[in-house]
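Single-structure report; data block below.
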């Protein structure tokens, strides 16, 4: 994720719809999209320099020829009232800060989780093992629940856990699993406790909570549920782009996607004398799904919301949106008060508040159950 900033980009951006773009073959280059239709070929170091300046982007180098970003999304009717309070509250009661502390301590102990590094592969393998253990513990595999690796052409794989429902229409919760030290991406220490170890373990704990409901475990929910952990977000939303492009190509229907990127830092709000709140992202999201998310928060969470904007391609919900799937994003705080330690070796567990992370987990359980059950 990013700290929002406005940049004056000096290099000429080229329209996707324009003439062919020459590639400098003297060094590996990547095609990035900085805004709708504005692209540029850059080296990997130039990508990191943009990120250091607060500029996010899609890396569309491997995008299918002829791909067109969605300009409209199907009209989906979302619930306008809470229908499953008893079930959700029972699941929420099982959520554990201790589980999240244990998981995040381990996840942030990898030297880094860079998507091209062996550490990124190792951390993804460990994380998938925890997801599999949650499914096994709930007995959900007997009813078709599973977790699979979504492979890419780099070391770290994405992870997709599926709990089948009566309909193939999918309710998705996602978080990116990779981390980065922007000064030294491949070898630098990048614990990534908040960005985005916090989101990764938050949705893992929410998965455990959801798997306490036997209607869901036994495949009797109305819709299918998926939990995603994306590889390569920091390099241009690579893993989530690959997954949602695949879903688009294969005709999968997604009812809604909720993204969780950074869920644990509250000091910025506290230092400003503000009430600790969720940051509701209002740009590059689906307005109707976001309205539904607000309703879920008001029912199941104990903190209020603040509207905030995070810019183009700021996190993985943008990949769903780009492929025509409705998405929403809830951050730990307003964007201008996010954790200042992100992308450094100082992004450690010491700065995080697990009560705040539990609030995010409560949101996820409510979102999934009210939309899928």
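The backbone N, Cα and C atoms fix where each Cβ goes, and this holds for glycine too.
Site annotation (Swiss-Prot): Zn(2+) 2 is bound by 195, 343, and the candidate from 98, 129, 226, 234 recorded at this site is 234.
Rounded to the nearest whole angstrom, the C-alpha distance between residue 195 (Zn(2+) 1 binding site) and residue 343 (Zn(2+) 2 binding site) is 7. Shown are the glycosylation sites 196, 288; of these, the residue with the fewest other Cβ atoms within 10 Å is 288. Here the candidates are the recorded positions 176, 261, 288, and by Cα distance the one nearest residue 234 (Zn(2+) 2 binding site) turns out to be 176. Using residue 176 (Zn(2+) 1 binding site) as the reference Cα, a 10 A cut-off selects 196 from the recorded positions 196, 288, 310, 314, 343. Across the fold, the C-alpha of residue 288 (N-linked glycosylation site) and the C-alpha of residue 314 (disulfide bond) stand 20 Å from each other. In the three-state DSSP classification, residue 176 (Zn(2+) 1 binding site) falls within a strand.
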